[in-house]
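Annotated features in TrEMBL:
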{"type": "DOMAIN", "residues": "45-294", "note": "domain 'G-protein coupled receptors family 1 profile'"}
{"type": "TRANSMEM", "residues": "31-53", "note": "transmembrane segment"}
{"type": "TRANSMEM", "residues": "65-83", "note": "transmembrane segment"}
{"type": "TRANSMEM", "residues": "95-114", "note": "transmembrane segment"}
{"type": "TRANSMEM", "residues": "134-158", "note": "transmembrane segment"}
{"type": "TRANSMEM", "residues": "201-229", "note": "transmembrane segment"}
{"type": "TRANSMEM", "residues": "241-264", "note": "transmembrane segment"}
{"type": "TRANSMEM", "residues": "279-296", "note": "transmembrane segment"}
Amino acid sequence: MPEMRSVAENSSVTEFILAGLTGQPELQIPLFFLFLGFYVVTVVGNLGLITLIGLNSHLHTPMYFFLYNLSFIDFCYSTVITPKMLMSFVSKKNIISYAGCMTQLFFFLFFVISESFILSAMAYDRYVAICNPLVYMATMSPQICLLLLLGVYVMGFVGAMAHTACMVRLTFCASNLVDHYMCDILPLLELSCTSTHVNELVVFIVVGIDIGVPTVTIFISYALILSSILHIRSTEGRSKAFSTCSSHIIAVSLFFGSGAYMYLKPSSLLPMNQGKVSSLFYTIVVPMLNPLIYSLRNKDVKSALKKTLSKVLFS
């Protein structure tokens, strides 16, 4: 980006040092192995789910189409953050270039915003499946699913561009120590020696939209789903309807809860150390838990896994 190069030239800071999760030396190696384990589970879980959905034709439905993309997004944004984070545990100075920092910021925001909208698309899918089952295949046609997915990635791109464009306009001329394990918006704003009022306004507007719109969509979808479930007379029918939604509700609660806590609280009320812990949930823990939540609580996925494993073993 020419704009990124010119800003970097006007700034005395050409690289940043990522402080990492903790400054306590005795915790570095245990934390390295802990988060390496998390990352391995994340990669295996998400790539495994992507492969499983791809190989089993009976999982080629709208619900699993969105789950496929959720796993792809989780794998990508975990990969944008975790390898660099692991370096902070084993190196004396975890240095990242100015361009590298802005690139990490852009891709992190792109995938994390896309995740919030893919979760709302999944809520809409569940609403149609439970409340209008007779027109489900017509309403959730391949064309509609692709349009919804396009909307997800467009919102991710627009949000990431808005934040990153505002960030590259700032000048960094004092400390280059980022008090975080990644290049995130709030810790970078603390280092700027120019006014950050526009950036803070963009954070509240864009994050408000990227958390607010999906949250409202999800709440409305689940209010209608709950109303529909309460009208189901059979206990078996109710429990089946609840079970198809429970995995999604758990994933949504973890993701939006930690994201809202991090970004929608004034920085004076949220010390950076607490912010790091909060961001651990949606950057490290959620991408790891999502494939486990959706596979362990889903009969179709477990059945597909058994079939695929038996084919591999017998072949």
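Each Cβ is built from the backbone N, Cα and C atoms, and glycine gets one as well.
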Selection from 31-53, 65-83, 95-114, 201-229, the stretch that has most Cβ pairs under 8 A to the transmembrane segment (279-296): 31-53
Model confidence over the domain 'G-protein coupled receptors family 1 profile' (45-294) (mean pLDDT, whole number): 85
